[in-house]
Amino acid sequence: MRLTLEFGGGLELLCNSVKIHHVDVDLKTGEDKLSMRDLLTWIKSNLIKERPEMFVKGDSVRPGILALINDCDWELCGSLDAVVEEKDMVVFISTLHGG
Amino acid sequence: MENGDADGKPKRAAGRLCSICNQKKPALKRPKTLEQICRECFYSVFEEEIHNVIVDNHLFKPGERIAVAASGGKDSTVLAYVLSELNRRHNYGLDLFLLSVDEGITGYRDDSLETVRRNEVQYGLPLKVVSYKDLYGWTMDEIVKTIGLKNNCTFCGVFRRQALDRGAALVRADKLVTGHNADDMAETVLLNILRGDIARLSRCTFITTGEDGPIPRCKPFKYTYEKEIVMYAYFKKLDYFSTECIYSPNAYRGFAREFIKDLERIRPQAILDIIRSGENFRISTSTKMPEQGTCEQCGYISSQKLCKACLLLEGLNRGLPKLGIGRSRGPDRAKKDGKQRTLLSGVKGSDLQSKQCGTLDF
């Protein structure tokens, strides 16, 4: 499944300072959908190069990190149970930096 | 990018519409109210709530010169943008400008100052930069070279507070506004409880401080959630800087922040409730509070003979960097019994200490 993933608010530092990643995520056989829960696992093992504890806590993103699916707050779409589809854009932004 | 029914993706938030206009697809869930609202309604409630805070608390008077403390980070960038919008829309009659502090941190502040310079052009607000080097004769890079990575945030925090005041005085500002948000406020209440710092606890939730001093400070984002500030910046594509300070460990604050964020996930209202708790604390009349005076050396407001910045600077210049480090206690403290402590906290009104580092912990 092809997806566009974007990391902002300092999270890009955890993936070689690259903000936008065009990725192809392999789905489990027989499935055509991917949950955010599965996507986070995939990101943790494929994109995060350092300090994964800055991105995930337990099975979710660290509190204080916002996630949007196609520019919609993931809290409106079921958070971890939200489903992403082909060509979706998922954005993660850390709010944990100063201002 | 819309994920509406039109493009055949009805899967998310299906059938639910913005709980304000009841017409558009919601774009976010408000932490404050748990409402699901669309982007346009979000812009208008976000801006109008800040307008109401400004009006209800009489933060500004027409004709005032207002310095916006600008670090280039999310909060101050959104603050500068929203204030200049509201100033136009509601005819506040304010003369707004950006005030930045150059701490002299290579690879961090030089980059974030570039962001502020872009904001100067984007929002049409004049910018004044004051530097530690000019004010104190030392950059943070030089200070860290001398004292190492211990206590460096104390120097930086104390120096920044005065630098903002001095910069504001230089450009003849009537007031200074800072981008402290609701999450910062809650965190500061908690930290002051954890430290037993009654003097700061009693004033850290004030929306305006230093009214008796030369430059009052206020916090228009006092009740604004960090999540909404970041969402606003994201949707509006505002240009801000977000890299952690290369010198900032500050682990204690990090734990408090993490705790607040964990609470927020379970019950977002907790943030406003902690602020309310802070606002309603009453200090026992038997608690001795510090008496305010002025620094003998520089005239800055201080509860000691020398203000904290002068004390720290003296230590640096004499090669005694430990001078002034640690909580200062009144000279009469030894005479008191343990029940009645003198609560002193160096520089007056140091609620900015609540945001000691320009960048909080990652």
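Note: Cβ is positioned from N, Cα and C throughout, glycine not excepted.
Fair warning: this is a prediction, and the values are worked out from it, not measured in the lab.
These come from TrEMBL:
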type    : residues                                           : note
BINDING : B:A69, B:A70, B:S71, B:D75, B:V101, B:G179, B:D184 : ATP binding site
DOMAIN  : B:66-249                                           : domain 'tRNA(Ile)-lysidine/2-thiocytidine synthase N-terminal'
DOMAIN  : B:293-323                                          : domain 'Cytoplasmic tRNA 2-thiolation protein 1 C-terminal'
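Listed binding-site residues B:A69, B:A70, B:D75 compared with chain A at a CB cut-off under 8 A give B:D75 as the close ones. For the domain 'tRNA(Ile)-lysidine/2-thiocytidine synthase N-terminal' (B:66-249), the predicted model reports an average pLDDT of 92. All protein chains included, B:D75 (ATP binding site) registers 30 other Cβ atoms within 10 Å of its own Cβ. The domain 'Cytoplasmic tRNA 2-thiolation protein 1 C-terminal' (B:293-323): residue composition by secondary structure is 10 helix, 4 strand, 17 coil, according to DSSP.
A count of other CB atoms within 10 A of each Cβ picks out B:A70 as the most crowded of the binding-site residues B:A69, B:A70, B:V101.
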